[in-house]
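Asks: Have a look at this one before I ask anything.
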Amino acid sequence: MVGSLQDLLLAFVNDAQRNLKDAFDIWAQSLRAQALVTVILTSTFLAWIICPPVKTSASPSQIKSPWVSYALVSTSLFLLSLSGGAWTLLVNRYVPEPYLDEFFHIPQAQVYCEGRYRQWDDKITTPPGLYGVTISYLFSVIYNKITMLTCETSTLRFHNLSVVLVIVAAAAQCRNLIERRQAERVGKVASTNMSLYSFHTAINIALMPVIFFFSGLYYTDPLSTLAVLLSYRHHLQRVGPERPGLLSDVWTVILGVAALFMRQTNVFWVVVYMGGLEAVYTLRSVKPGAQEFLTTLHDPPLSNSGPDDWFFCLLTIAVTALCNPAKVLRQIWPHLTILGLFAGFVAWNEGVVLGDKSNHIATIHLAQMLYIWPFFAFFSLPLFVPSILGFITRPLQTIRSLILRPNALFTIPWALLTALLSAAVVRYNTIIHPFTLADNRHYMFYIFRYTILRSPLIRLLLVIPYTVARWLVWGSLSTTTPPTTQPSGPKPRTAPAQPKAAPESDGQLTLLDSPSSVSDTTPTTSTAILWLLTTALSLVTAPLVEPRYFILPWVFYRLLVPSWSFASVGIGKRIDLRLVLETTWFVGVNAVTMYLFLFRPYVWKDSEGNVLDSGRLQRFMW
């Protein structure tokens, strides 16, 4: 028995070495000077957008530092571009024909390339909402006209590589703006420099396996993510010190509608999340009314927030908004306009889904809000290292802090309540979509088969990992600094903090030990509530469990995670070592999933061994 296992393992290793050698030879032979020049130019251009090496401060003694930062950003983007290009090249080599959803998207793009813009395939739909792929196709047409490329399968797939690179720039700017807005809110000095934490976070978002995997296929997920990030970046600029003007309002509508063209469920992120954040931003600056207890916005940082704070946060937002409707409407009318346009489309289309509506009926599926936590826990595992190490090294102290901490989200009563609610959802609202069990090419098929579908008892016992994963996720959002004890109910009103003048940009990447670093600031309670609400709205109407539906909730979660510095480790004071582990983790997961997709195809057979689907090769994917 042992000998046979050793033989199987040796055969697998030899086969893997041979496949990887063939893949490397294909990639090396395809390298051209023109392609390398394109990659270098693209990387350096995006690096200039993220971290321009322009020194505006008076001191010339540090002129080399901006160029070191610029070189670091350029090199990182170059390696990401090279890796993404190799992935797409290998997909084109081993999977030259359209695969799965590409059977619909690529022919439609080719029709548009031929100028037949009124021809549309009614089968183009991805549950739970519409893939607004029209913009994606028009992007493909314009891109190909400029580059003089044909609309073949191989060239269309390369579009998403460019999109993923731009996602890095957009995500880095979003995280940097989040830090600046948080610093302004608490009165800290907000540097205009890009922080290294922001850039590394953006790189890891692009490397996130579900996003990076589809950078090599002609799917709309990367472009949809980019469209929402661009809307978010614009939103973060609107909630700065300067009041947004009419032009900013118009751009909000334009970017929001563009995001809806990518996927209809983006309406929740553009309208509910960003519109809600802008409403809170407006309410934070209003003067308290006669009932100061209720008209003063209660919005503590998440590190110091518990269930009672959540209640009072929602209550004071509602009361303050009712007392200041004109100011709120002035700020959020662009988001209401987007919502009105979306409602008009739904009325015209007689539903949200475009195409085959019979298989994509909206259903209340609360179990989605249980599945999301293990998904986050798997991909964000390195971020939980401090919490896990703390529990291993000081288990009694950790448990005691969870029980006794007054404003903790992890109190025993709260844990019991959420566990009971989770069990009720598992018992009465577990929905198994036919598509989940009908297609064994997706990893979700095997997850359901070996967990949820094993037995009712196992399904119920999964409440434990759901709860642990949820604790870890919220812990990563809220435990950057030791929480302080706060009394229940709204806190006394204090004068709003006035942000100090930001130091001039010198083109350097800010490290964690810099006096101007604000990467460790936790999000506010209102931001966490809006993120959770938007995530729920975007997921609970989908009967199908699909990893791609979790992309945007994870991206926004990842953008909100504060930094963590290890005081006992030298370099850990300057950079967040969790991000290094996260990069390594993502590279490993990507390597495994890409290898399985390229080199472990199989053929469908029925119970009698007859070949199905004309013997086409099937491949594992997200």
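Using N, Cα and C of the backbone, Cβ positions are placed for all residues, glycine too.
Sharing the features that TrEMBL gives for it:
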COMPBIAS  480-492  compositional bias 'Low complexity'
REGION    480-508  region 'Disordered'
TRANSMEM  31-50  transmembrane segment
TRANSMEM  70-90  transmembrane segment
TRANSMEM  128-146  transmembrane segment
TRANSMEM  199-219  transmembrane segment
TRANSMEM  250-274  transmembrane segment
TRANSMEM  332-349  transmembrane segment
TRANSMEM  369-392  transmembrane segment
TRANSMEM  404-426  transmembrane segment
TRANSMEM  446-468  transmembrane segment
TRANSMEM  528-545  transmembrane segment
TRANSMEM  551-572  transmembrane segment
TRANSMEM  579-598  transmembrane segment
Asks: Report, as numbers and ranges, which residues of the same chain sit near the transmembrane segment (70-90): CB under 8 Å and 6 or more residues beyond its ends.
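Replies: Sequence-distant neighbours of the transmembrane segment (70-90): 23, 26-27, 30, 35, 39-40, 42-44, 46-48, 50-53, 157-158, 160-161, 164-165, 168, 199, 203, 206-207, 212, 215-216, 507, 509, 594, 598.
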Asks: Would you confirm whether the transmembrane segment (250-274) and the transmembrane segment (528-545) meet the contact rule of 3 or more C-beta pairs below 8 angstroms, pairs 6 or more apart in sequence?
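Replies: Judged by the Cβ rule, the two regions touch, with the required three close pairs present.
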Asks: Restricting to CB pairs under 8 Å, which listed stretch, 199-219, 528-545, 551-572, is in contact most with the transmembrane segment (369-392)?
Replies: 551-572
Asks: Could you tell me what the rest of the chain brings near the transmembrane segment (551-572), counting residues at least six beyond its ends with Cβ under 8 Å?
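Replies: Beyond its ends, the transmembrane segment (551-572) has Cβ neighbours at 171, 174-175, 178, 197, 201, 204-205, 208, 210-211, 221, 224-225, 228-229, 232, 266, 269, 273, 372, 375-376, 379-380, 383, 386, 473, 476-477, 480, 512-513, 517, 519-523, 527-528, 531, 534-535, 538-539, 578.
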Asks: Before we move on, state whether the transmembrane segment (579-598) and the transmembrane segment (446-468) share at least 3 Cβ pairs under 8 Å, counting only pairs 6 or more apart in sequence.
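Replies: Between the transmembrane segment (446-468) and the transmembrane segment (579-598), which are separate recorded stretches, there is no contact, as judged by 3 or more close Cβ pairs.
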Asks: With Cβ-Cβ distances below 8 Å as the criterion, list the same-chain residues six or more beyond the ends of the transmembrane segment (446-468) that contact it, or say none.
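Replies: Apart from its flanks, the transmembrane segment (446-468) reaches 370-371, 373-374, 377, 415, 418-419, 422-423, 426-427, 430, 432, 436-437, 440, 545.
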Asks: Which residues of the same chain, at least 6 past either end of the transmembrane segment (199-219), have a Cβ under 8 Å from a Cβ in it?
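Replies: Long-range Cβ neighbours of the transmembrane segment (199-219): 50-51, 73, 76, 80, 84, 87-88, 90-91, 98-99, 101-102, 105-106, 109, 153, 156-157, 159-161, 163-165, 167-172, 175, 225, 379, 509, 547-548, 550-551, 554-555, 558-559, 561, 575-576, 579, 582-583, 586-587, 589-590, 593-594, 597, 621-622.
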